[in-house]
Structure formats: C-alpha cells, structure tokens
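What Swiss-Prot records for 1-282 is domain 'FERM'. Positions annotated as phosphotyrosine by Swiss-Prot, on the basis of similarity to another entry: Tyr13, Tyr413. Taken from Swiss-Prot, the feature phosphothreonine applies to Thr169, Thr489, Thr612, supported by similarity to another entry. Annotation comment: Swiss-Prot describes 308-401 as region 'Disordered'. The annotation phosphoserine is assigned in Swiss-Prot to Ser312, Ser331, Ser333, Ser417, Ser427, Ser437, Ser465 (among others) on the grounds of similarity to another entry. Feature annotation from Swiss-Prot assigns compositional bias 'Low complexity' to 348-361. According to Swiss-Prot, the feature compositional bias 'Acidic residues' maps to 387-396. The region 'Spectrin--actin-binding' annotation in Swiss-Prot covers 401-466. According to Swiss-Prot, the feature region 'C-terminal (CTD)' maps to 467-617.
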Amino acid sequence: MHCKVSLLDDTVYECVVEKHAKGQDLLKRVCEHLNLLEEDYFGLAIWDNATSKTWLDSAKEIKKQVRGVPWNFTFNVKFYPPDPAQLTEDITRYYLCLQLRQDIVSGRLPCSFATLALLGSYTIQSELGDYDPELHGADYVSDFKLAPNQTKELEEKVMELHKSYRSMTPAQADLEFLENAKKLSMYGVDLHKAKDLEGVDIILGVCSSGLLVYKEKLRINRFPWPKVLKISYKRSSFFIKIRPGEQEQYESTIGFKLPSYRAAKKLWKVCVEHHTFFRLTSTDTIPKSKFLALGSKFRYSGRTQAQTRQASALIDRPAPHFERTASKRASRSLDGAAAVEPADRTPRPTSAPAIAPSPAAEGGVPGAPVKKAQKETVQVEVKQEEAPPEDAEPEPSEAWKKKRERLDGENIYIRHSNLMLEDLDKSQEEIKKHHASISELKKNFMESVPEPRPSEWDKRLSTHSPFRTLNINGQIPTGEGPPLVKTQTVTISDTANAVKSEIPTKDVPIVHTETKTITYEAAQTDDSNGDLDPGVLLTAQTITSETTSSTTTTQITKTVKGGISETRIEKRIVITGDADIDHDQVLVQAIKEAKEQHPDMSVTKVVVHQETEISEE
C-alpha cells in the first residue's frame, strides 16, 4: 500500500508498505528516513478534520485504522519531554523545535509578545546563524513565519535580539528555544472539547503531568496523575476517579460529556498513553484469555520515558549531519556538554536545590506507597558585627596588644554521644568514613572563613546614625562604643532512625552529635555599657522562595546597638527528596553560596539537621 507522510519540515515522505503492515512498521521507516533514534517521543497522526487528529496505533494494522485510500499521515511529536535538555541527540531537539514552531504559528501554543520575540530570535539564530549585514537584508526576518499574527513591530524586535547573539551555534539556539518554550502553560497539552455535567463548554487537556480543565481559555482545575486512581469511559461520557484528600474519607468520581463515543474513547486512550509513558517504568500487557472479556484491551505498547532514556544512554554514534530546511544549512550537532550546557546560559539560582530531585517518587503506579521519605535541613546564619569607621585611630599600646593576644584564644568544646554501639544500616567502617569527612569539612570551613569587611550600606548607616556622638572637630571619640566582637559557631548533628529490631514495640535511635564552638573576644572597656543596650531595630525582612524540592527562607535584620550597626542574615534551606542525599555536598554548597552572595560578611553558624523515615515493609 502506498503511504504519504507529511514531515515537520514541510517535506513529504512517500513509501510502499505491506498490506498487513502495522503502525510501528511505518513509524520505524519514517524515523530511519529522518535519521532519528529517539523515536518514542514521536508518532503518526490521522487527521479527521483541520483541528481533530487521531494517533495511529503502533500495535494494530494500518488498514484497520484508516478509512479508504490514500493513506495520508503527519509526523508529529506525541509526547513532549518535560525537560528537553535530557534528550541525547541534537537532531531530536531540532525536530521538537519544528513541532513547537508549528504549535505557535497555528495558535495551539499561546505566547506573549516578549516570548514570541525571544523564541523568534532563537529560530532565526538556529536557521541563519550570526547576523551578517552583507548577507541579511533589511527585512530578512519576514521570510520566516514566527507568529499567528506577525507584525512589523515583532519582526523589528526579533532582529534586535538576533543581532545581539554572537557565536551561538544552531544546537545552542535550539536548546535555548526549548528551555523557554517548556515554561509556557500550554506546552505539550493535547486539547479535547467537552462539557461538564451542567452542560457548560469546557476543554480537557492531557499533558505529561496530568489532566487539565479549561474554561474560556483559563485553567480552572488540574488533576495530576498521582491523584488519579482510574480513568474510564461509557458511551460518550468520560470519568476519572480521584484519590481522597487529607480531609476527605471517600474517593470521588468526576464525569465529563464528550461529543461522541468515538471522542470519549480517543480521550481515554490519550490519557492511558500519557500516564503510562510518563509515570510508569515499564509497560504491562493483558494476558490472553480464552473466554470473552468485557472492557477495552487497549494498552500502550511502546516504551516508557524511563525505558527511552535508558536506550538513549546507549546511543554510540557520531553526531548526525542534518539539513535545516528553512535555510538549507548543513548542520552538524554539537558534541556532548557544549550542546547540553551552553556557555551563555544563566547559572542556577541560589534558591534552587543543590541536589536534583530524584524521579523515583514520581515513577510507578499512582497510589504506590512511598517507602522512604527524607528531609534535609541546612541552616546557614551569616552575621556581621562591625565598629563604625573612625577617621583617627590611635596606635594601641603594648599592654593592649598583649591583652588582646591573650584573649584571642580558642575555646573548643566537643561533645560526643553514641547511644547504640551497633548500626543496623551501616557498617562501622562506613560510620568512621562519614565522621571523618564531617570533621575534615568542619576543619576546612573554619580555616576558610574570611575576615568581615564593612559594606557600603553599613558605612553610610553608621556615619549618619543618631546614636553616634561627635566631638568639636567632628571626629568620633575613640573610647565610645563597644569594641569589635567576633563569634563563630559550627554545629553539625546527624540523627537517623534505625530499622526496627526484633522488639516490635520499641525503636532504638542512633544519635551522633558533634559540637564545635570557636569564640574570639576583644577586650571590654570599663566604662562601656554597650552590652546592656538591647539595640534599636532598623529593618527586618523575610524572603521565602520555593521549588519542587526545596524551600529557602532568608531573614535579614539590621540593628544599631551602641553606635554599632549589625546586619544578620539567616538562611534556612529545607530540601526534601526520596533519594540518598550527600550531606557534605549540601553543606559545602550552602556555605559557598552564602559567601558568594555576601563577600563582605562572615559565616558564623552552620546547622545541618537530617530526618529519615523508614516505613514498615
């Protein structure tokens, strides 16, 4: 049978397949023609009309799914990857970009003016390379279709952004395009028209994260896959069973009305495929039964995203050559890190988790019990105490120098408590290595603490403070105000709940605590009463940011105490995850970020607290 497939680059691929060929046979031939190895994200679509399509089932014969001849299909992205950077090959990302360009132009992926200009500039950079005034005319952007309603203002903005790019390769431009496109609310959403039980027109959207409900182009509800227990359809009705919430006792079923039985079945199949591909680690098959069975036997027969990533990791071939059709530029993909991590990408924000969240908790069947929950708390306190700058400071006497040397001593207190001699989870060698790494980390941290330097804000605040007194010449008296006090405390605690022993009624914890305190004190003058002054609070500010796996709370307080301005910054980072976390790496990262953000301040206190919960099997 003769087949005709419209590709994403507006070309047509024609071939002849056997009469009993299945959908996977044709898809495999198309991917071989395009030199695509990561083919599981793509599929072949049959278009009923201009807005409605049906995916070709890979496991069934083509002739049973197509009405009449000719056999016309389109090659499209079926499963939009949540993180395109994890795709192995640049050619896969390029075809994903082509699909997203079609989605934008057709209006399926709405964008703001600023986003359209940014994505359009990356499209031009990918197709044409760096701006060259000798090659590119005054309106070279008008040759590209970048938006549904493309205006001259948009083209001028695209040209302005494109001219600012220097030495950005096509692969880097594609990756930047995808990094911005994946943040759009309608990215990868498959839309289906429906009605609610009251007959109000709505649209149901299926994506990698779950089922979305839209009304008048606004999202009014969301059902993530972990909360969906069952998906079913009956005649033209579509039902989802929702897991009960914390305050609920029973499961709830929500129904929707679709235009026809065929539309309800198509929506059900799309939901099953998306749930299986993005949530499960492997596909399951229905065992063949000799008796008549009720219900649909449809199951997603392809590979899941987890299996696709495993297969992609085994790809061992040179980066393939492919032609960018818009400009007819032969492009060779970048190798390795240059494509995945371009040099001009912005660094990870400070509030982002230092450890990537593990997909283990998201994988699997919805409702599967989580066997291990782990919470990591890293608390970093940055404190700066500084004396006001003085114009004329007298040289200290020899007695004062000796007294200060005597007082600048080290007081170290180490308390060790081990309530259990035998660890049920770790060997003694592992415990010794862990403790040695913590001790080495503390030692390196204590040696690398920089001297605090006054910031410009505190200098101005101290100079104009109403609590400071000036003499006749306008100079600050040297005897007034308390001297500089430096304090530094490091506390690291490691607590784990051991697996239950043979006595079922009692849990014996393993507690290991080490405390190290180093204090530097300067001499106090007799007439100084700065410690009795509680100080005056100038400002207090709390900033909280959240990501999918961490919460960062930053509290900034500024006080004036006896003519001394004090700035205290306390940052609390709570990281939750279901995988083993490198505690030392988290601590090093937190200290490093605190020093980079506030180079003129010193870290005085670091507290690491770990909570591990192990449920009964």
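Cβ atoms are placed via backbone N, Cα and C, with glycine included.
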Thr169 (phosphothreonine) falls, by DSSP collapsed to helix, strand or coil, into coil
Three states by DSSP: which one describes Ser312 (phosphoserine)? helix
Looking only at Cβ atoms, how many others are within 10 Å of the one on Thr169 (phosphothreonine)? 20
Averaged across the region 'C-terminal (CTD)' (467-617), what pLDDT does the model get? Just tell me the whole number, please. 56
